[in-house]
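Quick notes on the structure that follows.
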Amino acid sequence: LIQKVLRKDKSLELNISIVFNGDGLLFRITLLLSGGATMLCLRWRIMGTGPPAFTEVDNPASFADSLFVRAINYNYYYSLNAWLLLCPWWLCFDWSMGCIPLIKSVSDWRIIALAALWFCLIALICQALCSQDSHKRRILTLGLGFLIIPFLPASNLFFRVGFVVAERVIYLPSIGYCMLLTYGFSLLSKQTKKKKMLAATVLGILLINVLRCVIRSNQWRSEEQLFRSALSVCPLNAKVHYNVGKNLADKGNQTAAIKYYREAVRLNPKYVHAMNNLGNILKERNELQEAEGLLSLAVQIQPDFAAAWMNLGIVQNSLRRFEEAEQSYWTAIKHRKKYPDCYYNLGRLYADLNRHIDALNAWRNATVLKPEHSLAWNNMIILLDNTGNLAQAEAVGREALELIPNDHSLMFSLANVLGKSQKYKESEALFLKAIKANPNAASYHGNLAVLYHRWGNLDLAKKHYEVSLKLDPAAPGTKENYSLLKRKLEQLQKKGDA
Ligand SMILES: *[C@@H]1O[C@H](CO)[C@@H](O)[C@H](O)[C@H]1NC(C)=O
Ligand SMILES: *[C@@H]1O[C@H](CO)[C@@H](O)[C@H](O)[C@H]1NC(C)=O
């Protein structure tokens, strides 16, 4: 086996030297060193000198006060890793949070796993060091080396890592594991007489593992399956419930999402992201009291959580507690400088309070930060229009359409303004363009009809009133205007008859 491995290594080296036309050992070492240095540099550029800051939920054991608890739990994690190599049945995208409860006393039965792990490891290490057979010593040493050394950075021994168990960190150690396993089988097959049975067993195990691989690969195909598959492996992990909930919410299934978010918050009462999302959904379903409770708790736990501050502001705004809402919006903006949506909501609050200049400024800020913020543009145009500043409304509308030329709601708003300013021709063109982009909006047809009505183009007005009423028979005002128009048409007809 060793020789085979070495030969493989040779051919690899050959490939490299062909590709790079290199010069043996020196070249390889230079390549490795410069590659390593580049990676270190990149890491430094991206993350600076400090280690990343992990929180207790990422790796609960490393935050335990007692050395004993830490050591026991680290060792328990190692035995879990070893078990996953042996039997990859429990696979999960995330093992953090409450997935693996801490072992806090020796009476916990999971201690047995530690004993089993160390028994096997010590036995293997003894064989690797003291066996008579030098061939065996070399294979075992190489196998154990491949198994243990790549795992050391993930072992929490040198620094805190940001995970509990992670399948990705056992990719490399699995090389050593495979070597040890094949060597074990070769020893067994030398000793046993039932060679066929052994071969059948090995093939059976291989087949089961291939099947497992197929099943797992399929679970990775979609977020939904991946998250759901974790529910049975890590039912205590709040992050799993959060992700299942988020996935459901993204698909529009709010009722089910609420259930999972609630479970996530129950499992981890400090889970601010789950609280924020849950609060958001409850807000949309108009369960404002509970939403406010959750969002206030979230910002109490994490005072710089900008999104939660903004959502809290929206809820307070809906509860008509305007001063608190304004405070919340400004706090959100303090913690996230570039927050166009928050400026947008702030503008809506000011508009509700009839503070028109402030509202316009806030929406202007939103569009400075995000020029394609169509809602903010629209609100500016509508507010200016409603307050009689037609010239300004027109200017803003043109500015907006320059930035987002294909937005039909902007065309519609500007067309309304132009119609009021008696620029009928241009208004008509814009209405028609907006209708072409979004043919099923009753208000688009209705307002175009009003334009024709005023312009004196009564037949076209009639036609578009009719389309509008067909799309939305209950639209207020349209019916009245339509009957006005019909009466006028009848009068005209009578006049013509007379
Ligand atoms: C708009 O942004 C400016 C500059 O960031 C800021 O001073 C001002 O208070 C903001 N106004 C509103 C109403 O959002
Ligand atoms: C009805 O017509 C009047 C004047 O023509 C117009 O101001 C109003 O917006 C119209 N209402 C609707 C709902 O179209």
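Placed from the backbone N, Cα and C atoms, the Cβ positions cover glycine too.
Unlike curated records, TrEMBL annotations are generated automatically.
Residues belonging to the domain 'DUF1736' (50-122) score a mean pLDDT of 92 in the model. What TrEMBL lists as domain 'DUF1736' is 50-122.
With a threshold of 8 Å between CB atoms, the same-chain residues lying at least 6 positions outside the transmembrane segment (80-103) that come near it are 57-61, 64, 69, 72-73, 110-111, 113, 117, 120, 151, 163-167, 169-170, 173-174, 177, 209, 212, 216, 226-227, 229-230, 233-234, 236-240, 243, 267-268. Among the features that TrEMBL reports, transmembrane segment is placed at 80-103 (among others).
What TrEMBL lists as transmembrane segment is 109-130 (among others). Sequence-distant contacts of the transmembrane segment (109-130), counting only residues of its own chain at least 6 positions beyond either end whose CB sits under 8 Å from a CB of the stretch, comprise 72, 75-76, 78-80, 82-83, 103, 136-137, 140-141, 144, 180.
Sequence annotations record features per position, and here TrEMBL assigns transmembrane segment to 142-163 (among others).
Panel annotation: around the transmembrane segment (169-188), residues 1, 81, 84-85, 124, 136, 139-140, 142-148, 150-151, 153-154, 163, 198, 202 of the same chain, lying at least six beyond its termini, place a Cβ under 8 Å from a Cβ of the stretch. Among the features that TrEMBL reports, transmembrane segment is placed at 169-188 (among others).
The repeat 'TPR' annotation in TrEMBL covers 238-271 (among others).
Annotated repeat 'TPR' per TrEMBL: 272-305 (among others), in sequence order. Counting only same-chain residues 6+ beyond the ends of the repeat 'TPR' (272-305), those with a CB under 8 A from a CB of the stretch are 238, 241-242, 245-246, 249, 254, 257-258, 261-262, 264-265, 311-312, 314-316, 318-319, 331, 335.
Per TrEMBL, the feature repeat 'TPR' maps to 340-373 (among others). Long-range neighbours of the repeat 'TPR' (340-373) within the same chain, counting only residues 6 or more positions beyond its ends whose Cβ lies under 8 Å from a Cβ of the stretch, are 306, 310, 313-314, 317, 322, 325-326, 329-330, 332-333, 379-380, 383-384, 387, 400, 403-404.
Under 8 Å from some Cβ of the repeat 'TPR' (442-475) lie the Cβ atoms of residues 408, 412, 415-416, 419, 424, 427-428, 431-432, 434-435, 481-482, 485-486, 488-489, 492, all in the same chain and six or more residues away from its ends. Here TrEMBL flags 442-475 (among others) as repeat 'TPR'.
Applying DSSP to the repeat 'TPR' (238-271) sorts its residues as follows: 27 helix, 0 strand, 7 coil.
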